[in-house]
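Read through the structure below, which is laid out as structure tokens, and then see the notes.
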Amino acid sequence: MFEEPEWVEAAPAIVGLRPVTTQVQAATAPPVKGRKRRHLLATLRALEAASLSQQCPSLPGSDSEEEEEVGRKKRHFQRSSLANVSKEVGKKRKGKCQKQAPFISDSEGKEVERTCHRQAPPLGGISAGEEKGKRKCQEYSYLHPTQSLNSVDQTVHNSRTSTATLDPPKSSRESASPNSSHTLSRKQWRNRQKNKRRHKNKFRPLETQDQVPLKASIEETEVPPAPKSDSQETRAGALRARMTQRLDGARFRYLNEQLYSGPSSAAQCLFQEDPEAFLLYHRGFQRQVKKWPLHPVDRIAKDLRQKPASLVVADFGCGDCRLASSVRNPVHCFDLAALDPRVTVCDMAQVPLEDESVDVAVFCLSLMGTNIRDFLEEANRVLKPGGLLKVAEVSSRFEDIRTFLGAVTKLGFKVIYKDLTNSHFFLFDFEKTGPPRVGPKAQLSGLKLQPCLYKHR
């Protein structure tokens with residue numbers, strides 16, 4: 001009775017969910033009549049739209065099913081190959097992580113797995129979320145270097161395997177962002193740990209009261225080192241003493257040269273202006289004489305002790321009054337400056353003694369200056385007739401001993417004893433025979449002695 005519409009014949013195709021082109025339906029769709037027909041037509045169109053969204057459109061023909069099957073196999077093969085590649089990369093990374101860090105606990109590993117699963121990249125490559133997740137994993141490995149990241153790397157690779165595309169897998173350096181920190185080698189990790197320990201020790205807090213007694217007891221057993229301050233002060237004091245000694249030696253040489261190269265009056269003025277200069281000269285003189293095998297004052301004192309103690313002695317150039325301290329005789333001490341209360345300060349060419357008032361006159365290393373004749377004439381004046389003149393002088397000052405002895409005899413003396421055996425000084429004994437036999441204007445070249453100058457060192 002009624003003609004059946006064309007959509008009844010097309011129903012089996014809908015049940016099979018076969019792809020139907022929109023152009024054919026648009027061309028063959030008849031005008032819809034009735035409420036029931038409109039409902040069926042809407043259902044048909046909804047099913048067609050759902051099938052079109054899930055399946056890619058293919059050309060009509062008998063080869064569409066074969067092409068779909070080939071595409072499905074191809075995609076399955078690509079996914080399986082990508083899974084194998086990602087597993088190999090995961091194993092390599094797992095081995096590296098096992099070398100770099102020890103074991104990690106299960107709870108912490110699960111938390112890191114959840115974090116990495118959340119950051120898994122979508123299809124089509126590595127996204128910003130994957131980079132962020134990998135950065136978190138690397139920061140976790142840096143903060144906990146004693147724990148491994150085996151489970152983290154495995155979960156990240158599994159998520160990549162499930163969502164991988166046809167693109168080849170990228171290396172870790174290419175996939176990581178430039179800001180993310182690189183995985184540390186074993187040597188770098190050790191160096192970083194050492195730097196951390198050094199930084200801790202630098203800012204270590206002060207020791208508690210309980211630790212101080214323990215440390216003190218340990219230090220008591222050890223031998224305390226010598227304080228540096230004392231050694232430095234000792235060295236500084238030794239250096240100052242050495243420099244002072246050198247300066248004193250230089251000044252002594254200068255004063256000695258002045259005494260031998262000028263008259264006694266100039267030397268007296270020099271020491272009156274600078275009394276410390278005489279003290280310095282005397283110290284230098286004593287330092288030089290100490291090196292001699294025999295002091296000439298000791299030899300003269302030995303001779304005087306063999307004579308009567310009643311003899312009056314005049315010591316010209318007494319110094320520190322060593323001769324007066326060595327004999328029992330009364331001694332008149334004369335010098336350019338006073339180092340002892342017994343010393344009378346004066347010029348040896350003019351001593352405050354009466355004529356013919358002494359029995360012995362002594363010149364012990366004191367014939368200094370250019371006016372030696374004045375000294376010997378003054379000794380002749382104060383000596384009693386037959387008095388004794390003793391002269392001890394440095395051996396190197398004599399050029400011709402006979403000439404010197406001849407000149408002394410012209411001044412009213414005669415030689416009674418001479419000792420030339422000592423290597424450092426000569427000793428002569430003269431007896432007064434009378435007043436000088438020559439006038440004051442007569443030249444006595446034999447009385448000129450060489451100055452006793454010390455070498456510069």
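Using the three backbone atoms N, Cα and C, a Cβ is placed for every residue, glycine included.
The annotation region 'Disordered' is assigned in Swiss-Prot to 52-114 (among others).
Look at Swiss-Prot and you will find Ser62 (among others) tagged as phosphoserine.
Per Swiss-Prot, phosphoserine is recorded for Ser64 (among others).
Feature annotation from Swiss-Prot assigns phosphoserine to Ser105 (among others).
Per Swiss-Prot, the feature compositional bias 'Polar residues' maps to 148-165 (among others).
The feature region 'Disordered' is assigned by Swiss-Prot to 148-235 (among others).
The feature phosphoserine is assigned by Swiss-Prot to Ser172 (among others).
Sequence annotations record features per position, and here Swiss-Prot assigns compositional bias 'Polar residues' to 174-183 (among others).
Swiss-Prot lists Ser177 (among others) with the feature phosphoserine.
The compositional bias 'Basic residues' annotation in Swiss-Prot covers 184-203.
Taking all protein chains in view, 24 other C-beta atoms sit within 10 angstroms of the C-beta of Asp335 (S-adenosyl-L-methionine binding site). According to Swiss-Prot, the S-adenosyl-L-methionine binding site annotation covers His282, Gly317, Asp335, Asp347, Met348, Cys364.
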Other CB atoms within 10 A, centred on His282 (S-adenosyl-L-methionine binding site): 17
Cβ-Cβ distance under 8 Å to Gly317 (S-adenosyl-L-methionine binding site), same chain, at least six residues away: Phe334, Asp335, Met348, Phe363, Cys364, Leu365, Ser366, Met368
Nonlocal residues around Asp347 (S-adenosyl-L-methionine binding site), in sequence order (Cβ under 8 Å, 6 or more apart): Ser264, Ser265, Gln268, Leu336
Per-state residue totals over the compositional bias 'Basic residues' (184-203) - DSSP helix, strand, coil: 17 helix, 0 strand, 3 coil
Local backbone state of Cys364 (S-adenosyl-L-methionine binding site), from DSSP in three classes: strand
